[in-house]
Amino acid sequence: MADNRDPASDQMKHWKEQRAAQKPDVLTTGGGNPVGDKLNSLTVGPRGPLLVQDVVFTDEMAHFDRERIPERVVHAKGAGAFGYFEVTHDITRYSKAKVFEHIGKRTPIAVRFSTVAGESGSADTVRDPRGFAVKFYTEDGNWDLVGNNTPIFFIRDALLFPSFIHSQKRNPQTHLKDPDMVWDFWSLRPESLHQVSFLFSDRGIPDGHRHMNGYGSHTFKLVNANGEAVYCKFHYKTDQGIKNLSVEDAARLAHEDPDYGLRDLFNAIATGNYPSWTLYIQVMTFSEAEIFPFNPFDLTKVWPHGDYPLIPVGKLVLNRNPVNYFAEVEQLAFDPSNMPPGIEPSPDKMLQGRLFAYPDTHRHRLGPNYLQIPVNCPYRARVANYQRDGPMCMMDNQGGAPNYYPNSFSAPEHQPSALEHRTHFSGDVQRFNSANDDNVTQVRTFYLKVLNEEQRKRLCENIAGHLKDAQLFIQKKAVKNFSDVHPEYGSRIQALLDKYNEEKPKNAVHTYVQHGSHLSAREKANL
């Protein structure tokens with residue numbers, strides 16, 4: 001068994017083999033001073049107290065006390081890898097972004113896959129959307145396409161995002177996952193129906209990270225060299241084929257190998273089985289957007305492929321594992337506002353909210369100079385601006401260059417060629433209620449036409465199996481929403497709930513009771 005282990009299990013062995021005949025490095029403190037003894041503290045006598053002058057101990061312990069940084073408030077559990085994006089089809093008619101400059105061009109990328117609601121130690125095989133974030137290191141700075149494995153989302157207004165995430169996480173008193181919180185929010189916000197239906201379908205538990213699609217999800221804007229703009233959506237189609245886990249296999253793996261997705265990705269790359277995805281775009285003109293039957297910037301809906309076909313762009317290939325997880329994955333920070341010329345945001349309310357929220361949380365989690373961390377640094381562009389100082393400034397702080405603008409001393413100048421595309425909007429300023437913007441039509445299509453009968457059966461079973469743990473009044477609200485999609489959808493879920501609710505609670509947990517030992521009182525006293 002020990003001779004037939006996978007690359008992830010043998011990482012330490014491989015690291016030693018790579019060093020070959022090299023002698024071990026000299027052990028040092030953080031300050032580089034050689035350490036004479038790493039096994040024993042400096043004390044007064046063998047039983048005496050420690051000394052403050054034991055700098056080997058204080059150096060080690062002080063750093064250990066500060067090892068952990070705040071985990072991501074969402075997408076805490078993840079896996080990362082590196083590779084390249086190669087253009088295979090010309091889309092310069094749509095975008096002047098250098099990443100799409102010519103066929104055959106390669107751009108380095110970093111990718112992070114993740115679950116959403118779980119903590120950093122949670123299982124990879126839970127039913128949860130998957131994050132699918134890609135950082136393109138371009139000559140015009142980083143482009144971060146921060147998406148999921150679904151083309152839609154639970155809400156369409158960013159103001160609801162904190163409450164939505166709170167509902168998916170732990171109860172503030174019990175610190176337990178709470179089905180009442182989850183389903184109460186979903187049932188009160190029927191715009192979640194599309195994503196909830198996707199989540200509880202077979203695709204709700206992907207088989208690792210390699211066998212799922214990715215989506216930019218939001219609507220973006222592409223601008224070409226002539227200043228002409230279109231709206232677009234980004235799609236990554238897995239070249240490995242879609243594979244999903246059954247409920248039973250997912251539960252088994254959550255127990256036996258909670259890091260299943262991370263392990264699978266690492267081993268695939270380590271053995272040269274490089275995963276890849278094909279990038280496509282959908283394109284919509286501004287005039288088409290004006291007459292579109294629904295809001296084209298609504299994140300709870302998709303653009304029909306029959307009307308807006310997928311246009312191939314290129315291929316993403318992952319061919320390198322992280323050298324160190326903390327340095328290259330835990331500190332990896334994606335920001336939707338990182339957009340080079342040729343790619344811009346649309347009026348999508350969720351995207352607009354993320355433009356602020358993502359860099360803001362990175363400054364909290366990693367510090368104001370998080371863009372100087374090597375994995376986040378736009379190393380293919382020359383950063384020149386008027387930002388200075390701050391905690392953990394690791395570069396030369398831009399030397400003696402002026403730190404104010406405008407100035408008369410040959411410091412960085414803005415470039416009119418990088419100006420955003422001019423767009424006209426008009427309308428009243430108010431808080432518009434979008435809760436009832438047709439929450440059912442596309443869900444009905446998904447239920448009746450995308451899924452077959454066996455998939456519909458599993459969808460209803462999965463929903464009922466989770467919804468049964470919520471209070472009855474919440475169950476009724478949720479079933480009404482599913483019935484609004486299609487009467488059969490709601491009735492099938494209700495029938496399954498009725499069966500669950502008729503069953504008496506059973507204690508399926510088997511325990512071992514500790515009986516009295518045969519030790520004498522004297523023997524117990526010596527324990």
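Along the chain as shown, residues are numbered 1 onward.
Positions of Cβ are set from backbone N, Cα and C atoms, glycine also.
Fair warning: this is a prediction, and the values are worked out from it, not measured in the lab.
Copied over from Swiss-Prot:
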ACT_SITE  H75  active site
ACT_SITE  N148  active site
COMPBIAS  1-22  compositional bias 'Basic and acidic residues'
MOD_RES   A2  blocked amino end (Ala)
MOD_RES   A2  N-acetylalanine
MOD_RES   K13  N6-succinyllysine
MOD_RES   K221  N6-succinyllysine
MOD_RES   K233  N6-acetyllysine
MOD_RES   S417  phosphoserine
MOD_RES   K449  N6-acetyllysine
MOD_RES   K449  N6-succinyllysine
MOD_RES   K480  N6-succinyllysine
MOD_RES   K480  N6-acetyllysine
MOD_RES   T511  phosphothreonine
MOD_RES   S517  phosphoserine
REGION    1-42  region 'Disordered'
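What Swiss-Prot annotates, mapped onto the structure for a quick look.
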residue : record            : Cβ neighbours (10 Å)
K13     : N6-succinyllysine : 11
H75     : active site       : 23
N148    : active site       : 22
K221    : N6-succinyllysine : 21
K233    : N6-acetyllysine   : 23
S417    : phosphoserine     : 8
K449    : N6-acetyllysine   : 8
K480    : N6-succinyllysine : 13
- Quick one: Cα separation, N148 (active site) versus H75 (active site), in Å? 10
- Note on the structure: Rounded Cα distance in angstrom between K221 (N6-succinyllysine) and S417 (phosphoserine) is 17
- Query: Using DSSP, how many residues of the compositional bias 'Basic and acidic residues' (1-22) fall into helix, strand and coil, respectively?
  - Reply: 9 helix, 0 strand, 13 coil
- Determine, to the nearest whole angstrom, how far the Cα atom of H75 (active site) is from the Cα atom of K13 (N6-succinyllysine). 31
- Note on the structure: As a whole number of Å, the Cα atom of S417 (phosphoserine) is distant from the Cα atom of K449 (N6-acetyllysine) by 46
- Give me the Cα-Cα distance between K449 (N6-acetyllysine) and K233 (N6-acetyllysine), rounded to a whole Å. 22
- Note on the structure: Whole-number Å distance separating the Cα atoms of K233 (N6-acetyllysine) and K480 (N6-succinyllysine) is 32
- Query: At the Cα level, what's the spacing in Å between K13 (N6-succinyllysine) and K480 (N6-succinyllysine), rounded?
  - Reply: 57
